[in-house]
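S.K.: Just lifted these from TrEMBL, have a look:
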- 12-41: transmembrane segment (TRANSMEM)
- 50-111: coiled coil (COILED)
- 133-155: transmembrane segment (TRANSMEM)
- 175-203: transmembrane segment (TRANSMEM)
- 223-248: transmembrane segment (TRANSMEM)
- 276-295: transmembrane segment (TRANSMEM)
Amino acid sequence: MRATFPEYVVALATIVGSVLFTIFGGVGIACLPLSLIFSFVRRPKAVITRSQYIKEATELGKKAKELKKAAEALHQEERSGNKGRKWRKNVKAVEKELLLLENDMNALEEMYPQGEKAEATWAFTVLAYIGKLIFGIVGLIVSIAWVAHIIIYLLVDPPLSSFLNEIFIKLDSVWGLLGTAAFAFFCFYLLIAVIAGEMMLGLKLVFITIHPMKWGGTLMNSFLFNVGLILLCSISVIQFCATAFAYYAQATAAQEIFGHTLQSLRGIKYLYKYNVFQYGFVALAILTLFYYALFGWRKRKPTGRFQLSTMYMIFKPLSGRAGEFSWL
């Protein structure tokens, strides 16, 4: 049988998206709930005093001036036409330090709310962290269910159980749309996990430029980047869900396209026959779990909470010639 052109285009897009989905989704399925839980663990326990606030704000001001000087030096180096690999590396380092400085500033504002409604602001801060804990626990249960379902239904041959498929069918028997709603929730959660993994890796490894989505502080390129990522990975999420919930979604158009046609195309079918993406997804989820178990619970020391990094960015002229700087 010959596949139609749209089906083959979808297949190629799915392959590209599946690579990103495996990386970001595998990391995000673990870091999404655990980051919320550990955020509650590391929450500010009480409001700091005014003298502490002034001390920390002064330190932040010093670091901001250092970052400004570093940015100005990079700008001068750019104008001189010296935009090599070293320059790009330094630019990314400055961008990362600026993001960390902004996070420290927001943390300081949380610990010392100001204005006429300072008490109400602190109360909402406490409620927000409680909400993170609740959503983190719920997300952890969903993440465990996802990983367990992948292992016992997709990676084990023959499957030990249809697990979530049976749950959705039983929910449908209780109320017609209940199983469909649960199915949609698990698919949407997987997409949110992809975004969480993308932001986590972009900040930690700095192999892509990331500006986290913030209320009133998100740049347009951040929206475009995240929308593009969602569009690219959404096809892979649909394919992954169609495979994971093949028993529940049988005899549907999605199952026909992503379950039969896609997995039978010449040259592509082996990626799905040997569950390459599923193994990668589970492996990255387990590695992320170990990472958070070892390092995620640690709270940053108060003396180092508002410092730029362990390495300071200092530029100095070389041989007295303008526009040439070195990185120390």
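Using the three backbone atoms N, Cα and C, a Cβ is placed for every residue, glycine included.
What does the local environment look like for each feature on the list?
M.R.: Residues 129-130, 132-133, 135-140, 142-143, 146-147, 190, 192-198, 200-201, 229, 232-237, 239-240, 258, 262, 268, 271, 277, 280-286, 288-289, 292, 296-297, 299 of the same chain, all 6+ positions outside the transmembrane segment (12-41), place their C-beta atoms under 8 angstroms from a C-beta of that stretch.
Listed by sequence, the residues of this chain that lie at least six past the ends of the transmembrane segment (133-155) yet keep a Cβ under 8 A from its Cβ atoms are 29-30, 32-37, 39-40, 161-165, 186, 189-190, 193, 243-244, 275, 278-279, 281-282, 285.
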S.K.: Any idea what the model's mean pLDDT is for the coiled coil (50-111)?
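M.R.: A mean pLDDT of 84 is what the model gives the coiled coil (50-111).
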